[in-house]
Amino acid sequence: MEGGKLWQWGVFRSLLAILQWWGFNVTVIIMNKWIFQKLDFKFPLSVSCVHFICSSIGAYLVIKVLKLKPLIVVDTEDLWKRIFPMSFVFCINIVLGNVSLRYIPVSFMQTIKSFTPATTVVLQWLVWRKYFDWRIWVSLVPIVGGILLTSITELSFNMFGFCAALFGCLATSTKTILAESLLHGYKFDSINTVYYMAPFATMILGVPALLLEGNGVMDWFHTHPSPSAALIIIFSSGVLAFCLNFSIFYVIHSTTAVTFNVAGNLKVAVAVLISWLIFRNPISSLNAVGCGITLVGCTFYGYIRHMLSQQLPGTPRTPRTPRTPRNKMELLPLVSNDKIDDKV
C-alpha cells in the first residue's frame, strides 16, 4: 500500500511538473506573438532585452534573497573567458527566436525549432568530427522531411522569419556544443545559468536595441492608444519567461528522460493548437502533416538517444564504422535537453 501511494504521488508530481512547464512555455510564446501582432510592438530586440532584465532580477531574488537555490560560484577569469562567450551565443539564440516569431506564425516557428537535433548532430560531425551511431542519422530523416514539407506548404511563409528561425536552431546547437567545453567543471542548473548569462546578455543587447529600435519604441509609445496596459503585458511576458526557467528545473528533476522527450514534443503540438485557436493563421492539411511528421521524428530521435545511452559497454556495434568511439557516450549528440526552450 505504501509503495502504491508513493508511485501515485510520483506520477502526480511528474504530471504537475509537465503541466506547469507547458503552461509557462505556451503562455510565453503566445504572449510574445500577441505583443508583436496585436499590440503592434514590432521590436524583438527590445522584447528580448526586457526578458533578460526580468530574468536577471528574478534569478538574483531566487538565489541571493530567497535562497531557494544555492549559488554556483564562478571565478572572475572564467566569467569573461567562459561565461561571456556562452552568454553571447545565448543572446543571439533568444533574439533570433523572437525575430522569427515577429514574422512567422507560432506553428511554423515551433516546427522549425524542432530542427535543432539535426543541426546539432551535423555541426558536431562536420566541425568536431564526432562519430554517431547510424541509428541517430536514420532518426533525423523524418525530422528533416517534416521540416521540408512544412516549409514548402506554409501559407504564411516569410523568408526573413524562416531564416531567423533556422539560424536560431544553429545558435541553439552552437550553444549546446560550446557548453561542453566552456562550462566544463560547472554543473549549472537553469536558474544559475540565467543568473550569470542574463546580465551579460542585457549588456550585449542593450546598445543595439537602443540604436536600432529606440526611436521606433518612442514613436509607438506616443501613438499607441493604451501604452500603459501594453507595457504591463510586455513586462509580464518577461516575468513569465523567468518562471519558465524555474519550471524547466522542476520538470527535469521530476520526470524521466523518455517522459521529458515525449512531453516536449506534445508541448509543441499544444502550442501550435492554442496559437491557431487564438491567431487563426491559415494551416493547410499538408502543412499539418509536415508538422506531425517532424514531431514524430523528434520523439523517435529522443527514443534512439535514450536507447543508446542505456546501452551496456561492449554491446556489438555496426561493422565497418569509420572509427571506433572511445565510449558509449560518444555515440550521442550533445543535446541533453532538446525541448528546453530558452525563452528568457
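In case you wondered, yes, glycine gets a Cβ from its N, Cα and C as well.
Automatic prediction, not curation, is the source of TrEMBL annotations.
According to TrEMBL, the features are:
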- 15-301: domain 'Sugar phosphate transporter' (DOMAIN)
- 6-31: transmembrane segment (TRANSMEM)
- 43-63: transmembrane segment (TRANSMEM)
- 83-104: transmembrane segment (TRANSMEM)
- 134-153: transmembrane segment (TRANSMEM)
- 159-182: transmembrane segment (TRANSMEM)
- 194-211: transmembrane segment (TRANSMEM)
- 231-251: transmembrane segment (TRANSMEM)
- 258-279: transmembrane segment (TRANSMEM)
- 285-304: transmembrane segment (TRANSMEM)
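Same-chain residues lying 6 or more positions outside the transmembrane segment (83-104) and placing a CB less than 8 Å from one of its CB atoms are 29, 32-33, 36, 42, 44-45, 47-48, 51-52, 74, 112-113, 154, 156-158, 160-162, 164-165, 167-168, 171-172, 174-175, 178-179, 182-183, 196-197, 200-201, 204-205, 341-344.
In the predicted model, the domain 'Sugar phosphate transporter' (15-301) has a mean pLDDT of 90. Here the listed stretches are 6-31, 43-63, 159-182, 258-279, 285-304, and the one with the most C-beta pairs under 8 angstroms to the transmembrane segment (134-153) is 285-304.
When each of 159-182, 194-211, 258-279 is scored by its Cβ pairs under 8 Å to the transmembrane segment (43-63), the top-ranked stretch turns out to be 194-211.
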